[in-house]
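J.: Copied straight from TrEMBL:
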- B:22-46: transmembrane segment (TRANSMEM)
- B:26-139: domain 'Ferric oxidoreductase' (DOMAIN)
- B:58-76: transmembrane segment (TRANSMEM)
- B:96-114: transmembrane segment (TRANSMEM)
- B:126-144: transmembrane segment (TRANSMEM)
- B:150-166: transmembrane segment (TRANSMEM)
């Protein structure tokens, strides 16, 4: 089902990659079930082709990208650390292109201050969206970034992982990856990207504002109200006892590149 | 219990064996605990007093699974970072509640030894009625631990509520009689 991609390979990394088996079997994707092991099973028949990714809002040239268009960019591999708000992390080789590439193509107006994202809404294919209770969050899943965050070279649109097109449970066919923010910011199976002038609503913030902020930058100093964010369990490979618990770094270790975006901001308040 | 542990060691129990094991042990403890509490009204309605003999082993297994749940959390999730264990137990209400529930269950398990049952005499029954308190704490711990999906913990809370309702008179009586009489 997944096909091989052609891309510029990442230069090697010192960090142990999380095994492909774990990347594709331990997923938070409530649209396909609440348990981490559910999405792989429930998303198995998910149709990603045809796909429509709409790019509109305050842009000069609104566009609609079809499935094949998603792979028409200069694809490159990026090995990123993914830090989940639940205090576990992985190291994942994504394939894709900077979000800025696609935004430049549409020509974002100067009046646009934020980028808003939306996941596919298709209750027929996504059992989680069918249930009235839906796992306690509203659908479709929405996310957002400030314009400077969206344009940052680290902010990435992934169309593949481990050299192949994305598996459905990883957000096929197209997802966001923002490595210095908690994983829930990296919205999956995107159908709409919109340039807007006001801070857009975000799903987990709507569900529990005291626990999940708009920025959601990885920050060991700001604990989740129910658990510490000072450390994380790095999931790599192997069974019980093979993970290491390591210190969590500010901005997930990408501070050198992104701390400047938040100069003068009180990150305890804007968590 | 052992087979789940074996699967976790061999990485054949979901993407993250640590989480899988914590959830499996925790849920098993809660289910066994509620099952042990369901027995009493069940025996009354079905008139099968022999079933009552299951209550003790069910309660003991619940305590054992709760212990395994806590042990995996401390050893494999927090990796025996004792400062972190302590701060999580003290500062995080849902962990505190779970920990207190485990303490109660442990006391109940230990005082299930025949010798201690005899030694406690009349005090044994009021002590073991705190199993309802433990069940309530376990439910709260579960409810508080989830991010948004409250359906499953809600279901267990409903079951416990029904059980408490069925036993309300008896529990009220114990509660009153265990209070000191001051005229």
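Using the three backbone atoms N, Cα and C, a Cβ is placed for every residue, glycine included.
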J.: Looking only at the recorded stretches B:22-46, B:58-76, B:150-166, which one has the largest tally of CB-CB distances under 8 Å to the transmembrane segment (B:96-114)?
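T.: Per the Cβ count, the answer is B:58-76.
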J.: What is the average pLDDT across the domain 'Ferric oxidoreductase' (B:26-139)?
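T.: A mean pLDDT of 93 is what the predicted model shows over the domain 'Ferric oxidoreductase' (B:26-139).
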J.: When DSSP states are grouped into helix, strand and coil, how many residues of the domain 'Ferric oxidoreductase' (B:26-139) land in each?
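T.: Residue counts for the domain 'Ferric oxidoreductase' (B:26-139) by secondary structure: 102 helix, 0 strand, 12 coil.
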